[in-house]
Amino acid sequence: MAEIVLDKVTKRYPDGALAVSDVDIQIADGEFIILVGPSGCGKSTTLNMIAGLEDISAGELRIDGERVNERAPKDRDIAMVFQSYALYPHMSVRENMAFPLRLAKVDKATVTRKVEEAARILDLTQHLDRKPGNLSGGQRQRVAMGRAIVRNPKAFLMDEPLSNLDAKLRVQMRTSVSKLQKRLGTTTVYVTHDQTEAMTLGDRVVVMRGGHVQQIGSPQFLYEQPANLFVAGFIGSPSMNFLPATLENSELHTPLGAIPLTDRVRRLAEAANAPREVIIGLRPEHFEDATLLDDNEKSRGGTFNATVDVLESMGSDKFAYFTVEGETATSAELDELAADAGSADLTDGGAQIITRLSAASQATEGAETTIWFDADKLQMFDPSDGRNLTYTE
Amino acid sequence: MAAIGAKTRWALIDIVVVVYALVPVLWIVSLSFKTKETLTDGNFVPRSWTLQNYVDIFNTTVFLRALVNSIGIALIATAIAVVLGTMAAYAIARLDFPGKQALVGVSLLIAMFPQVSLVSPLFEMERGLGLFDTWPGLILPYITFALPLAIYTLSAFFREIPWELEKAAKMDGATPAQAFRRVIAPLAAPGVFTTAILVFIFCWNDFLFAISLTSTEASRTVPAALSFFTGSSQFEDPTGTISAAAVVITVPIILFVLFFQRRIVAGLTSGAVKG
């Protein structure tokens, strides 16, 4: 139970490399906070600095109002779950979970009671006397969790704890991690590179890029009001569609055709002093098959015709992929996102648009379809610095 | 059919290798059981068996004294080399300190240095320092030449232990010393055993230093003492007793290795990380 405050925390390696720069995060007592970002963004370094496994170069880390920069990990009363689980292979599950208590010189009866309680919560009771080597991945993961919860620490730190599990188990464990955290009400800092985990688990999400915090907020807020191009592209799956556009006389000229600005967008763009050249962003769910809408609905947005490249039917929705002729949106942020997703060199002539259509849509692969989009949901970004021109608090 | 052919071929190769390695050993065992009269009859299996050679060597103080020297010197040298080697290897595997590459390079250099070329200078130095023909006079060079071996084997083992285990121990509230003692040391145990056995065999088998740096029973080890064996009279052939002594000093090594073989098996760290 603790409040953790990172006050301009910076990590600079001896060779001069800046891993984390001026990070300010205030984590409330009992909060579940997620650090998310592509690899190399400094999220794990930040977590290790909270743990005490890495020194803090500048700034202050406070736990419950006390400066802990100089304290050894063991004096911070924080438990950590590692990506690799880091179970002690020569000890049984029981000994693994009892290890922190035995180091803390807790008496034997209490150790037994606490270990058995933790084992019951995590459904490990029948495995207590086995060695980690004989356990499945999911069971090992639970033992690592057990070792963390057994001593009621002030906070849990989790470094991509689910990334070694297969997809199905990961979803299952995600729910149980969430339940466990709610039940124990312990402050938790959770690092992941998976934006789905970030969206589903956290009370608040911290998006990081290149050692800098990009935006902090609830998952829904980040999704609806990304502060910049990077957050917009990182949060959401499938990700937001970006297109280059020219802003002229309250109209956007885009590869999808001319889009008149709605009142909301115009007001925000004027307030933000939008440049002529912008990047517009539209989420896949803000598209719809035009044949399914009545005229009244259609008038709120624009339409365009395109040929469906690929159609993926998910049962509840259909994902339709289009290629739109013309320039693709380019910016440093988008390049980095593409590089992280490993799709940097996949763009071949024209911008790729992913749309989420309702299951009733009759669109078929290879056929031309009229697609409607909601112009009021459009977001506008400045290509030079990536800031969101339509951002509202 | 192909599988059977391959199996036969491998079996043949295996037999050739085993026979090649074991014939000289078995020949010595055979010699040690032969009577003086049949020693040179050229039979691989002795025609008449005797234990007289074994009785003889244990009746001489020369052999017993040398055995004590061998055991004492090899054990002390092994213990010191393994303790120093463990610390050095842990530092090399885990820490980044200035001069690390130089340390690794120098220890490699020592391992490659021809020992014969060092015998004369060592002989002079030890006589000057009063170490000649003493236990430390042999223990010191043994440690020197065993350390590179120990550091190399042990650092390979330490590298195998995931570093995250140490971090986890720290997070669980362990001091660095506790983390080493309760997590790292138990996991490194097979490596330490393996290294100890290798170092012990190196010290136990050494003949060059043993013959050059000793002159009396005070510190002469078995391999050196064997070369001084004579029969009960000057004209008697000591082959039988030498063979018996050779067998006696080989047996402890074999037992040692067989006994610790299970502990040497790697893979104790399985289950620590990943799935």
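Cβ atoms are placed via backbone N, Cα and C, with glycine included.
Pulled from TrEMBL:
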{"type": "DOMAIN", "residues": "B:67-260", "note": "domain 'ABC transmembrane type-1'"}
{"type": "TRANSMEM", "residues": "B:12-33", "note": "transmembrane segment"}
{"type": "TRANSMEM", "residues": "B:66-90", "note": "transmembrane segment"}
{"type": "TRANSMEM", "residues": "B:102-123", "note": "transmembrane segment"}
{"type": "TRANSMEM", "residues": "B:135-158", "note": "transmembrane segment"}
{"type": "TRANSMEM", "residues": "B:179-202", "note": "transmembrane segment"}
{"type": "TRANSMEM", "residues": "B:242-260", "note": "transmembrane segment"}
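Scored by C-beta pairs under 8 angstroms, the transmembrane segment (B:242-260) has its highest count with B:12-33, from the stretches B:12-33, B:66-90, B:102-123, B:135-158, B:179-202. Sequence-remote contacts of a segment are chain residues at least 6 beyond its ends whose Cβ falls under 8 Å from one of its Cβ atoms, and for the transmembrane segment (B:135-158) they are 69, 72-74, 76-78, 80-82, 84-86, 88-90, 92-94, 104, 107-108, 110-111, 115, 118, 122, 126, 184, 188, 190-192, 194-195, 198-199, 202-203, 206, 209-210, 213-214, 219, 221. Between the transmembrane segment (B:179-202) and the transmembrane segment (B:66-90) there are at least 3 Cβ pairs closer than 8 Å, counting only pairs 6 or more residues apart in sequence, which means the two stretches are in contact.
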